[in-house]
Amino acid sequence: MQRINLSTASEFVLVGLSDAPEVRFLLFVLFLIIYLATMAGNITILVAISADARLHNPMYFFLGNLSLLDILCPTITIPKMLEALLIENKVISFTGCVFQLFFLIDVVGTEIFLLAVMAYDRYVAICHPLQYMNIVSMKLCAHLAIGTWVVGFFNSLLHTSLIFTLSFCDSNEVDQYYCDIPPMLALSCSSTYSRELVTLIVAGVLGSSAFVVTLISYIYILVAILRMKSSESRHKAFSTCGSHLTVVCLFYGTTICTYVRPSSTYSPNQDRIVSMLYGILTPLLNPIIYSLRNKEVKCALRKVISQVRTALRR
């Protein structure tokens, strides 16, 4: 293979998908359906929250942010993947690779902290219901939401700058269907020790901080639920928190497996499966798991559909 110095090279080649024509077409159809369903589900949630004044409260404000992130996450990677599957164009420019990695890490980091904020919101709602509106004001919600986006941005800026100041000399073939930290580290021909160390420390500190907030919140929530005398109240609380906890476990588990580990353990095949879980499957499932099961959201959706039908009849 021809040696390449990527200080002057202008592109990478994404080689993480099948070359068999019949498999490519099936994958294209599958991922297109998943992508369209993800967009439809999350956009529907955003429309419902915006249109119904009853959903203008902290819980649904955070849900709106989660739906926005779930729109952005697959949009960063899937369109390029569909292009590669349909017309076999696996080339991505150097700049395109930089931006793809940056926005992906930005969205993933922001979602990790947003899930921690949502866990805190549920803690206050269940453990301090009478003081909920005073503690979790819309002003505080706005500050917390902005904080998660800002932390995600600077976290991504750090990781992106660390990755793209490496030297890439042997190949420009990225063994993944998008540009990400592990395959880029594996591709580099220069020493990655210092950058891996910084990546692990930053990801460990930020990730563990969000995880501790989430864990402590749910410990208090569980204790509060077990103390409830009404079985109906316990069931309602478990239903709300169970949905969020399912999302948290799926997202945290897959992202930790991907980013909080040395590059020597990088396995392309395993990483493709794991990355699809948090980058494709989780955004698809979130509206179903966490929002569409909610009676208030269903009522809001019926209201929106009714308004649309009325408008079309005019």
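Cβ coordinates are placed from backbone N, Cα and C, and glycine is handled just like the others.
Per TrEMBL, these features apply:
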DOMAIN    41-290  domain 'G-protein coupled receptors family 1 profile'
TRANSMEM  25-48  transmembrane segment
TRANSMEM  60-78  transmembrane segment
TRANSMEM  98-120  transmembrane segment
TRANSMEM  140-158  transmembrane segment
TRANSMEM  197-225  transmembrane segment
TRANSMEM  237-261  transmembrane segment
TRANSMEM  273-292  transmembrane segment
Revision key, fill the gap. Other same-chain positions with a Cβ less than 8 Å from the transmembrane segment (273-292) and lying at least 6 residues past its termini are 31, 34-35, 37-38, 41-42, 44-45, 63, 66-67, 69-71, 73-74, 77-78, 104, 108, 176, 178, 180, 243-244, 246-247, 250-251, 254-255, 257-258, 298, 301
Point to revise | Other parts of the chain folded back onto the transmembrane segment (98-120), taken as Cβ under 8 Å at six or more residues beyond its ends | key: 59, 62-63, 65-66, 69, 72-73, 76-77, 80, 92, 144-145, 147-149, 151-153, 155-157, 159-160, 163-164, 178-181, 184, 206-207, 209-211, 213-214, 217-218, 244, 247-248, 251-252, 255, 259, 278-279
Review point. Sequence-remote contacts (6 or more beyond its ends) of the transmembrane segment (140-158), Cβ cut-off under 8 Å?
Key: 58, 61-62, 65, 102-103, 105-111, 113-114, 117, 198, 202, 206
**Study point:** Within-chain partners of the transmembrane segment (197-225) [C-beta distance under 8 Å, separation at least 6 from its ends]
**Key:** 109, 112-113, 115-116, 119-120, 122-123, 126-127, 151, 155, 158-159, 162, 181, 234, 237-238, 241, 245, 248, 252, 255-256, 259-262
Practice item. Please average pLDDT over the domain 'G-protein coupled receptors family 1 profile' (41-290) for the predicted structure. Key: 84
Review point. Residues of the same chain, at least six outside the transmembrane segment (60-78), with any C-beta under 8 angstroms of its C-beta?
Key: 31, 34-35, 38-39, 42-43, 45-46, 49-50, 100, 103-104, 107-108, 110-111, 114-115, 117-118, 121, 138, 141, 145, 148, 177-178, 279-280, 282-284, 286-287, 290-291, 296-297
